[in-house]
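Below is one structure, written out as structure tokens; the observations come after it.
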Amino acid sequence: MTTPAKSVTPFRRPCSGSRIADTSLLLRAYLQKDPSGGYHGSLPLDGTRYAHNGRKLSTSTNEGDPSDGYQRREQIYSYEFNHQFSDVWSAYSAGSYTHTNVSLDQVYQVGWVDDSNMLSRGYSGSRGSLDAWSTDNRLRADFNTGELAHTLILGAEYHRFRNDLWTGAGSASPLDPFSGYTAQTGHTVTYSDNNNRRYYQTGLYLQDEMVWNRWHLDLSGRYDRIVSQQVSDTFGTSSRRSDDHISGRASLLYALENGLSPYLSYSQAITPAMLPGADGTLLKPTTAEQVEAGLKFQPPGSADMYSIAYL
């Protein structure tokens, strides 16, 4: 096969919104289709930089197969909802759903067959699908206790992730790249693996942003429960783990009249492990802590912000 490859990526991104009194709703959609993915093969040094049996290959030579292909489809739908109950209470809700399908078939060269004009070829392919749901819902209260102004936020998050992946490897008939001759087209799969991954995360959080004169104090706490599961249909194995984690954040800032604001903050975080370890077992989530001290500067009357920090 000596036809040059090309890449095409059409997409659409419609958006619609409405507002009625104290209520607003925004809907978004993102649609993308990649019917091809370009050329990702290679040609041997002996035959390109240097002659092979007295001949050189054209730089447009594609050593693949007519069955080669790459396709990717992605759909993302999301919403944002706001409602103001009163001067104190308001509600916010946001959610999204993502669906992606990817398929790949690629035949590639692995070197000349001895001193002949035939290229030995291998095959790799995959079929993957991804479904992801997420939602974030929160209540907000703006009120004062004496001279102290509060912005209190109580929220709940939910994330769900599902990934099904098939991978395969094998071989294809040798190819004469000078003439394009091969005994047969297509490929033979000699190894394949099928894995299914699931991930669920539920989070509850509480945050209070307090302001007194020029002092700003933020305190927040969060609880997360993370459940991970992996099933290998090929090897008939299944593993599952669940983790509970409590984290928090605190920051203090003083806003000077000249736009300078020194601050100090401490935060904790947790990041789920999406892939298994080398032995196939599910890894525990990664936790992190950070202490930060710095200085922010916003020139009076300007929207610009400059900062310097030490971690």
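Any Cβ shown, glycine's included, is placed from N, Cα and C.
Just so you know, TrEMBL annotations are computer predictions that nobody has curated.
What TrEMBL annotates here:
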DOMAIN    33-302  domain 'TonB-dependent receptor-like beta-barrel'
REGION    38-70  region 'Disordered'
Practice problem: Summarise the model's confidence over the domain 'TonB-dependent receptor-like beta-barrel' (33-302) as a mean pLDDT value. | Solution: 92
Quiz item: What are the helix, strand and coil residue counts for the region 'Disordered' (38-70) according to DSSP?
Solution: 0 helix, 6 strand, 27 coil
